[in-house]
Amino acid sequence: MEDWDLYLVTEEELSSGRCTLEVVKAAINGGVDLIQLRDKGKDLAYRYELGLKIRELTAEAGVDLIINNRVDLALALEADGVHLGQDDLPLKAAQKLLPEDKIIGISASTVEEALQAEAGGADYLGVGSIFATDSKDLKNDRSAVGLNRLAEIKSKVDIPVAAIGGLNQDNISEVIAAGADVISVISAVTQAEDIEWKTEELKGIIKEAKKGR
């Protein structure tokens with residue numbers, strides 16, 4: 001996890017008419033470090049079949065695969081881990097089901113949620129939404145986290161912080177400066193005209209921003 005820079009969350013409905021597998025292939029070619037299979041609008045059987053193909057690609061490329069919210073799917077695909085939201089299966093329950101070497105990420109939008117996740121044994125935090133976002137699954141009745149709260153959360157925890165929500169080439173440098181260890185994106189990659197090139201661009205910006213910290 002310490003080597004992660006760019007984290008892609010899949011969402012076919014935000015992929016400009018392209019299938020998730022096509023997006024993932026291009027992102028891997030562009031150097032993405034981590035793929036989270038989400039595609040919440042798809043049924044479980046579809047995500048399983050898609051996940052088998054993605055698992056093959058990620059394993060060959062040495063890219064980590066995380067499954068959104070479904071521990072059963074993560075186990076079936078032999079994925080590297082799972083990402084859980086505040087309303088998903090509790091962390092302790094997931095830990096009982098998953099082997100100890102599997103990664104568990106937890107979404108957090110407050111310092112309290114972040115501290116609880118770390119104390120419970122989470123491996124990393126997904127903090128957001130940092131800015132306003134077009135992804136309906138990241139929208140809720142809470143305001144955007146913003147850079148100040150991101151920095152506060154980072155100052156209180158020792159586990160890696162992956163920032164998500166409204167991130168793109170124009171703002172990821174300031175998000176890194178605020179303390180994010182990893183940049184998580186959806187639309188910035190999935191809606192790019194040239195996904196491989198955009199992935200390379202974003203990863204280059206992230207690496208350069210980390211040098212300045």
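Yeah, the Cβs are placed from backbone N, Cα and C, and that goes for glycine too.
Note that the structure is predicted; figures quoted are calculated from it, not measured.
Feature annotation from TrEMBL assigns 4-amino-2-methyl-5-(diphosphooxymethyl)pyrimidine binding site to Gln36, Leu37, Arg38, Asp39, Lys40, Asn68, Ser107, Lys136. Around Asn68 (4-amino-2-methyl-5-(diphosphooxymethyl)pyrimidine binding site), the C-beta neighbours below 8 angstroms that are at least 6 residues distant in the chain are Val9, Gln36, Leu37, Arg38, Lys40, Val82, His83. According to its DSSP assignment, Asn68 (4-amino-2-methyl-5-(diphosphooxymethyl)pyrimidine binding site) is in a strand.
What TrEMBL records for Asp88 is Mg(2+) binding site. Under 8 Å, Cβ to Cβ, and six or more positions away along its own chain, Asp88 (Mg(2+) binding site) finds Asn69.
Among the features that TrEMBL reports, domain 'Thiamine phosphate synthase/TenI' is placed at 6-189.
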